[in-house]
Each structure stands twice: as structure tokens, then as C-alpha cells.
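Visitor: So TrEMBL lists the following for this protein:
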COMPBIAS  B:518-531  compositional bias 'Basic and acidic residues'
COMPBIAS  B:532-547  compositional bias 'Low complexity'
COMPBIAS  B:581-601  compositional bias 'Basic and acidic residues'
COMPBIAS  B:846-868  compositional bias 'Low complexity'
COMPBIAS  B:957-975  compositional bias 'Basic and acidic residues'
COMPBIAS  B:1039-1051  compositional bias 'Gly residues'
COMPBIAS  B:1052-1066  compositional bias 'Basic and acidic residues'
DOMAIN    B:602-675  domain 'RRM'
DOMAIN    B:676-753  domain 'RRM'
DOMAIN    B:767-838  domain 'RRM'
DOMAIN    B:879-952  domain 'RRM'
REGION    B:518-601  region 'Disordered'
REGION    B:831-874  region 'Disordered'
REGION    B:954-1016  region 'Disordered'
REGION    B:1036-1066  region 'Disordered'
Amino acid sequence: MLFFSFFKTLIDHEVTVELKNDIRIRGVLKSVDQYLNIKLDNIQVVDELKYPHLSAVKNVFIRGSVVRYVHLPSQSVDIDLLEDATRREAANQAVKAK
Amino acid sequence: MASPVGEDNWVDYVDHQLREATDLEARVRVIESFNDAVSAEPGSIKVWMAYCEYFWSLYNDCQPVSDAGWSPEEQEVGRSIFTIDAALNLWQRGYEAVQYRLSDSNELWDRWISLEMELLRRTVTEAGVRRITQLFRNRLTVPHATWDRTSQMFSTFLSEYNRQAYESEMEQITRSAKNAKRLYALRDPFETKLSLAVKSGDTAAVRAEMLEYIDWEIKQHKGKRDALDNFKICLGLFSRALTGVLASDDTTWLNFITLVSTSQSDLKAGRARVSANLVPNMLDVLRRAVHHIPWAGPVWARYILAAEEAALTFADVERIKHAATNSPQLDRDGMTGVLDMYSAWCGYLKRTAMNPKASEEAVDVAEVGLSSALEDVKHWGQRKYGENYQGDPDYRLEKILIQFLTEKKEDIEGARAIWDELSQIPLHANSYDFWLNWYLWEMVVFTAHRAKLRSPTPNTQAQGLLVPSLATRVFTRALKVRTLDWPERILQVYLKHCNDYELAETLREAHDTIYKTRKGVEKRREREARQAAEAARQAAAAREQAAPADRSEDVPMTDASGSASPGSKRKREPTPAEDDAANKRPRSETNGDDVKRDREHNTVFLRNLPADATQTKIKQFFRDYGHVNNIDLKKGDDDAVALVEFRHSDDARAALIRDGKPFGDRIIQVTPAIDCTLFVTNYPPDADEEYLRNLFKAHGEIHSIRFPSLKENVKRRFCYLTFRERASAEAALKLDGKALGGRCRLVVKISDPAHKQHRQGAQEEERELHVINIPRTMKEDEVEGHFTKAGKVVSVRIPHLGTAFVVMQTKEEAQEAIKLLDKAMFGQHPIKVEPSMPKGTKKKTATAWGGAEDAESPASTAAESTVSSGGGGGAARDRKVVILGVPDTMNEARVGNLLKPAGEFVKLTLHARHGGAIVEYKDAASAGKAQLVIDGLEVEAGQKLRVGTTEELFQSKGEKKVAGSDPCARPEPEKQRKKPPTAAQLMPPPPSINRPQVLGRSKPKMGMGTGAPGLGVRTNGVALVGPKKSNADFRSLFLGGGNNGGGGEGGGKVEEEKTKENGSKE
């Protein structure tokens, strides 16, 4: 749930999603769900020359399972909040592991 | 020669002697007497002053210039004895002995220093100046009352003899004396009060002040800071007290002795903060103590003990004992002192004899000594009290003798004879404790005996089963005593004993005896209870007359065995009907259970439990007293209190018998918890436990606050608040009707299911009608007009189109309306009119609106918006956060308060039945932030909130709070598979594949890059079988990924590995 919640805080921010087939797509994050499927708006492929077939596409839905990385805009990440949540999550995991 | 006691007596005594001393020999004898005096009263300034002065005068007298009329030969000899060095030394000794007497040590010092200065004046030497400077330095670092004067003297001295060093010396002194001044400043208030008291001449006041001062000083001694100085000052204070007003005060002496002895044990244990030579010798202290307070048995006992510890010879210890018995005052305060002393003596004898290395002779001496001690005490007692003397209630001497006989002499019969003799004395015979002790002794003897028998002859069968018949006999004898103070206890142990050890026949007999005795005891108890009740009634009547307003009546609960004694049942008086607050009471119909479950009368308090008590242990403890329904255990720092609920009130009453019984290593108290519980309602909706505790804590200690479950009805707002004491509960009734912030007027009542009140209102009075199928265009006033045909309409409500609730003036009119209008046409519709029934289920959800502005919200919740892009808050789905693990006792206001730290929400819907809530936020980003904050947020100890999905929420049953266990029990995974989760809006309808949820899932969460073992992994259409990744794989994954994880904010982008879902996806 941590990732889902975290990605939700980034909605309406510009992110770059790197797919497992090496395509990198930059766009405004519009929606994310519990599978971490991602909807991007106003997209632009980073290496446009290589993937001309995507140059006409304006928005995409990316299946969560094909995502390799999400590059985050550092200024829109609330580090403190994220750290707290991560710590709590880790504590929870530790309890469950017992 | 009987030596004097107390400083005044000593001074008088020596004074008398010295007046008659005319020759040298007599003078030397006087000096010896002085020596005795200072060893007897080492802290006495009077004695020291007299001594030093006398010695000084002797020194002066034997100088050739003196005109004391000594013969020249005497002067000659005298000069060799009474030298200047000896005299000054003596002053020094005297000063050292009294220097920590803060208030009056200056008398001696001033005199000494003036003599010293005089000497110096006669012959000024370098060494002399240095010596006096040194003396001043020492003096000024010791706290004392006249510090300023001493400092003044020093400064004069310096300016006279050592001007060039004046500045540096004074500066140094001031620095090093800082501590002394501070220490004295701390004590100044006491000193002032003390000197005031002394001036007023009121001895009692002086004593009181002194005692207070000593108490304070002892406390100081415990502190770590200035341990050494504090200890010295403490000793000084004691010497002041013990040579002055409190010289014959038992407590002060005991305080002093304890202080000395603790310091000595500290020394031995190596954790002392004071050096060894400071602590006075214990034996000396005790010798002085018994001189001053010869009637104090405990001091004598300590004296003997200290002598034993110091390994004095037997003869010496015996001398102490003789001194004690010869002291005419030992029995001044009754036989206690005598007994204390004798038991210490006997203990000493016993230990000498028990010592494995003890000679035969010592054993004999001990035996003779023990029995003669017993005789002596008896004679003493009879001399003092005549025939009325009953012996030691604790039979300490006898116990020692018995132990000695049993263990050393193996004279079992002799020991038994002593028990027997003791049992003849009614004082012991009436005490169950005595019988139990005897029984234990018999069992020990029996066990030892059996062990001995067993080793040489393994075949004990021949002698039949070995039974401790003598132990059994103790019980039979005990039960013959009619006036035994607690026969129930004896019966209990007797039965257990027979069960454990005895033959069937004896057991049967035991049962008979027990049955008969129990009947007798019950009668006796009943009689006693009647008497007690009678007495209580009289007392109550007297109290009633004294204060008629006070209607709270305390009828003592006798701890008699369950026998229903007429006086001990509390009669409940019906309280006058409450009329105004009645309709505010949100009682629900489930209260029907409460009558069956009468917590109020079936509950007892268990106090002073050991801190490690558990519910199971408590349950076992009450196993024989009835079924325990519930235990509410509250642990304190070193003890615990439990509220134990039984199934029946009889059980609870029976359980009271366990009052005063040992539980673990504690003696517990069992008290009824009747009327300790309050029913509290109409408090502000967001009031939580802490709020209520603050509200009520002024009236007493609160044990617990119980909130009802909101599962069936989220609108419930009441709680049961249990106080530790009944009086507190009664006091807290004052809060009834208190206005709390705005509209709420608190309702506080003693909780009693008998006073349950039903709801009142139109529906309950059957005046409300439920009308179905009215035309959709109809408004309230039209409906009202239609129903006026049947009677007067009070109100009309149209909650949604087509349905209305109409409230009529009376029940009859409502029935009339049904007759008239049911199935009749209204506009174009045949309407249905029926009495409005309470809903089968109460309201299950509650909604709260938060502070965040969002006009879009109601609309967007109603209609599922399908477009996610564009401005505004985005899809409602994205803005919602589903919270799980909300305790079912929390209402929406409290949940709302709880969520404050996560930011302002728009709307909160509490689903108490599912133990969760759905919160809507302004936009998806704030929802995400809230999610991060809320997930794992602690509500109560051990209970955490968690974020999940709507599906999870509606599948979960709501958690039953179980203390200690993980409250967030996850729903079953199988159930989750049933509903494929709705995908996000842009996604095409999911194919009908069962897909286990990945996040917010029910399975143990998997870390990054791990997959469920055994599941096929398919990435981009290619199926792989993914073995579970090890930590090493994981590391290589990270490192191989191009170091992008460790970069942090480098390059303006934080890169983050995204969870791989290969395992859990199809």
C-alpha cells in the first residue's frame, strides 16, 4: 500500500516512467491504482527518434507490471512524510514476520 | 560503680570529683573520669568543654609562675604530665569530636583558638602562624552557624601576622568555603526554628523541631551529592540530639542505630560514600543507647546481635543479656521489651548451637539457656501482670525452642510437648495462624522422618502407607476449639491435607467432621452477621440522625462464606424517576442483554495483585467460586487491580471470601464493585477516553471506561465508567447535568440495569406513520393536507421521493389514518399507510463533514465520474481513502479527530460494522498524503489503522477488540478472490481472471523483487518460472541497475525502484 499511497501524492506532477522495454515516457501523472497501473497525460517519449510510433500519442495507460522505474520530481517528494511512512511500514512488516 | 547517664549528669559527677581532688593522684583520676565521660558521651560539647578547660587549668597550674598553691614537687611532676602539647592535643580532639555540631561547636572552637592566639602572641614564630592559619582554614571549610565571625577573626589574624598573604589567603578561603556555606544555608531554617524553640524554653517544641530536623537530615543523607559532608553533619546532629533533649527518645536512638548500621553494611558492600573511620563503632553506639534507654527491647536485641556479629565471646554476650535483665526499667513499656530482648538472646543461643562447629558444651548451654529464658520470661510476666499474663502472642521464644529441639536435638516429642502446652493457652488456641503453624511443623517433621525411614528400608509397604496422622490430629484438635477466629481456613487446609495424604477412612471421617463443623460455623457466622448488621444498623441510624442528607449507606460486607446473611445484602432504593434527561438517553434495544448480564452486581474488585498477574491466573484463583465472565486487568507500577465479573451475583458474593488470601506473594483484597460504575451519556461527540478521564478524575481513581460497540448502531453515545471506590462514583454524580461546551448537558447515573429506560418519541408512541407510494411531485404540505382528514398532523418528513413519514397528534388519530387512507388513492397513486416501525437494524454508518472546501464532492460521490483528466479533484475513487481497523467503539467525530494530522478531509463515512471508514479528500494528492500518514497510525495501544480498499472494508466483519492480539486481522484471502477489483477508469473491463490483490493484500507482504513461489511469472507475454530471489540476487539487482538507487537527490531526480509484480500477476 505504501507505493500506491506514495504515487498518489504525485498525482498532477510530471514524472518519467521507464518501461521494461527501455522506453522512457515523460508526462503528467493523472492516476494510479492499487496495481500501480499508471495513467499519464501530455506525454513525450524521452528518446523520440527511436520510437517514432509514439510521437502522436498524447496520453497513455501503462500497466503496472511493465514499469521498470518511475523517475520522480525531487521537489514534489515530501521526504519526511515518506520516511515516517516507510518506518511504520517496516515496523508492521517486522510484526507480521513474527 | 554505676556510671551516670547523660551529659549533665556526667559533668556533675566529674565536677563533684574534681572539687575534692587536691593532690596529683586525685587529679589524674579526674582526668580518667573525664576520659570515661567523653567515651560515654562523645558528641557532648559540655563534657568536652569541661574536660579541656580542666586540663588547661592543670597545665597552667603546674607552671612555675602559677599561684595555685601546688607544691614545687607536684609542679615538677605535673609539668611532665600536663604538657602544653597534651593540652593542645586535647583541644584538638575535643574540636574534632564536636566540629559538626552546627549551632554550638563554636563555643569550644572560640575558646581553643583564643588560647592558641594567646600562645602565639607570647612567642610569635613562623610555625605558630602557619599552624593557626591551618586551623582557620579547616574550620572555615566546616559548615557552622558563626561562620561569619570565624572569618572575621581570621581576617584580623591575617592582617596582624601575615599581611602580605592576606589577599590570596582570603580569596582562597572564600572559594573553598563556598560549599560549607551552602550546606549551612540549607539547614539554616531548621537551625533558626530550633534556636527559637530553645529560647522560648518549651521543651516539647524543641523536641518536635529536632525530630523534624533529624528526619530531614536523614533524607539528605540518601542523596548522592555531598554524601560525606551530609553524613558528618548528620552524625553531628544526632550527637546534639542524643546528648540534649532527645537523649532518652527511643525513635531517635533507633534512627541513629539504623543509620550507623546501614552505613556499616554499605561499607562492607563497598558502596559506601563515606570513609570507614567516620562511621562510629556499632557496639559503642549500642552501649550508649542501652545506657540511655534501658527499657527499649529492640535496642537490647540489636546490641546482642551486634555483639554476636562482632564475634564477642559467649561470656561477653551473656554479660549483655544480664545487664539487660538486671536493668530495672526493661519492662517499663510492658512485656514487649522483655520479649524482644529475650528473643534476640534465644536467637543468639540457637545460632551458636546450630553452628555445625559448635561444641557439645555450646549445645548444652543453649538448651539450658533456652528453657531458662522461657522460664524467666514467664516469671517476669507473672510478676508484672499476675495471673493475667498470657505469654507472647507471637510465641517467638517457643518457636525458637521448638526449632532448636527439632533440628539440633531431634527431640520431636519435646518439641511437640511445647506445641501442646501452647495450645492450652486460649490466646493461641483461638488463632488459626497458630494451628496452621503447628500443622506445617508437623508436616516438616513428617517429611524429614519419612525420608529417614525410606533410606534404610526401601520396603515401607510392610508398615502400611505412611500417613502424617499427627498432622491430622492437629486439625481435629483445632476444630474442637469453638472460638477459633477463622475456622473456614482451617477447614480448607484440613480437607486439602486429608485429600493429599490421608487414608480413605480418615478422609471420610474428615469429610464428616468438616461438614458438621461447617454447619456450626455457618450458624455462628450468621449469628455474628446478625450482630454486625444490628450494630451497623444502629450506627447507620445514628449517622442518619446526625446527617439526614447523607443517604449513602455503607453496610459492611462480611466476608463470611457465601452464607446469605440478612444484613449484608444491599437493598437498592429505587431512585426517583428522572424525567427531564430521560428522552436523551440513547439506549438501544440490545440492552435487553444487559439485564441478563448484570455486570453491576456480579463484579468484584481485586486489589494488590502482583504486577505479573495474568487473566489466566486470576481465573484459576477463582475456579472454585463460579464462572468468570470477564476480567478487566489494569497494571500499575508494582501491583495490579482487576475487575472480575462472575456469571451470577452469588458467585461474586462467594468470591469475597477470598479477601486477604495470598495470591502469588501478595495478600490480595477482594471487595464488591457494586455501585462503582457510572452510566455516562450526552457528552460531546468527539469526547474520547482521555477527555472523560480528565472530566472525572477529580473524583477518584478511574479503573476503566467501557464504550459500547457501535456495530449495530453508530449513533450510540454513552459509556460505563468504573471507579476504584464507591465513594468516588457517588461523588462523581455531582457532574450530572453539567453543561459541556454548547448543547451537551452531561448525564451521569449510577449504572443499574434495573433502571433501564425506553426511548420515547413519536415512533415509540405509535403516532408515526410510514407512507409509501405517494406521487413524486407531492410536497410536505400537500401530504399534510391529505392526512388532516384523519386528525391533526404534527409533522411530515419526505426522506426520499415516494415515501413519507407523518406524525399524528395521537395514537388514535394515527390508527384512524391507517383505516381511512391505507390503499386509498392519493393523486394518481394508491398509497400504503402503515405504522412506522423501528428499523430492524439501527443506523450502521455515520457521516461527518470535514473542513476542506470542495463543492464538487456530493455530486462526484453520487455519480461515478468517468473522466479522470482535467482540473478539479480528479476521480472520486482517487480521492477516497479507505481506512480499516477502526475500533468499533469509536464514533465518527472521534475518527475525524484522529485523522486531523493527515490533513483536512471533505467527508468521512464511518462503517462501524466493518470496523472502517471511507474518507474523501479534496484531491488525489492529498488523499495520497493522508494515506501515507494514516497507514499504521496508532489509535489505541496495539491497535493500528491501516489503509485498504473498499472491497476489503465491506468484507471485513469489524474487529472485536482483543487486548494484546493483533487487532488488524486480515480478511480471508479466498473471499477476496471472489470480486475482481474494479480497475481504474481508462482500463478496459478486466478479463474474467481471478487475480489476487497485490497491494493492500491479505497475504504476507512480499518485498521488492520477490515473487510468490511456485507461481508462473509472465512478463510481456513470456512465462517464466521465477525462483524466489535471495538477498544476494537482490543486491546484484540493485547494483546492476546502474547505481541509480543511491544517488538521492543527485541530478534533480530521485529514482525509485518500483515494485515488481511479476509474482502475483498472472
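Using N, Cα and C of the backbone, Cβ positions are placed for all residues, glycine too.
Because TrEMBL annotations are produced automatically, they should be read as predictions rather than curated entries.
Describe the structural context of each listed feature in the structure shown, including burial, neighbouring residues and relevant distances.
Guide: Per-class residue totals from DSSP over the domain 'RRM' (B:676-753), listed helix then strand then coil: 22 helix, 24 strand, 32 coil.
Within the model, the domain 'RRM' (B:879-952) carries an average pLDDT of 83.
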Visitor: Could you count the residues of the compositional bias 'Basic and acidic residues' (B:518-531) that DSSP puts in helix, in strand and in coil?
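Guide: Going by DSSP assignments, the compositional bias 'Basic and acidic residues' (B:518-531) contains 14 helix, 0 strand, 0 coil.
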Visitor: Looking at the domain 'RRM' (B:879-952) and the domain 'RRM' (B:676-753), are there 3+ C-beta pairs under 8 A, with each pair at least 6 apart in sequence?
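Guide: Contact between the domain 'RRM' (B:676-753) and the domain 'RRM' (B:879-952): present, because at least 3 Cβ pairs are under 8 Å.
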